[in-house]
Amino acid sequence: MHLDRIAANLDRALALVPPGRRFCAVLKADAYGHGIARVAPLIKEQGVGIIGITSNAEAFAVRRTGFDGRLLRLCAAPPAEIEEALDLRV
């Protein structure tokens with residue numbers, strides 16, 4: 001995997017975001033197979049403050065990288081996972 005290519009693609013996408021709007025980088029399915037542990041720090045370096053995830057496991061993986069921005073869960077959490085999601089600031 002080439003992080004430089006992901007960074008270049010992210011730069012292109014961020015250039016399309018209108019002023020006053022925010023960008024959410026979706027890292028579900030282990031960053032689409034690229035690895036959350038490798039991609040989340042790049043996302044943070046690029047200034048993206050929101051990461052989309054689909055599970056508490058993904059939220060935990062993102063938080064372990066040091067990302068302290070906003071996490072947006074893209075699907076409903078099962079009742080058993082809601083308290084843990086709140087602890088992860090999802």
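The backbone N, Cα and C atoms fix where each Cβ goes, glycine too.
Small disclaimer: the values here were computed from a predicted structure and weren't measured.
TrEMBL has this to say about the protein:
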{"type": "DOMAIN", "residues": "2-88", "note": "domain 'Alanine racemase N-terminal'"}
{"type": "MOD_RES", "residues": "K28", "note": "N6-(pyridoxal phosphate)lysine"}
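Neighbour list (the residue listed as 'N6-(pyridoxal phosphate)lysine', Cβ cut-off 8 Å, at least 6 residues apart, same chain): G52, I53, T54, S55, E58, L74.
In three-state terms derived from DSSP, the residue listed as 'N6-(pyridoxal phosphate)lysine' belongs to a helical segment. The average pLDDT computed over the domain 'Alanine racemase N-terminal' (2-88) stands at 93.
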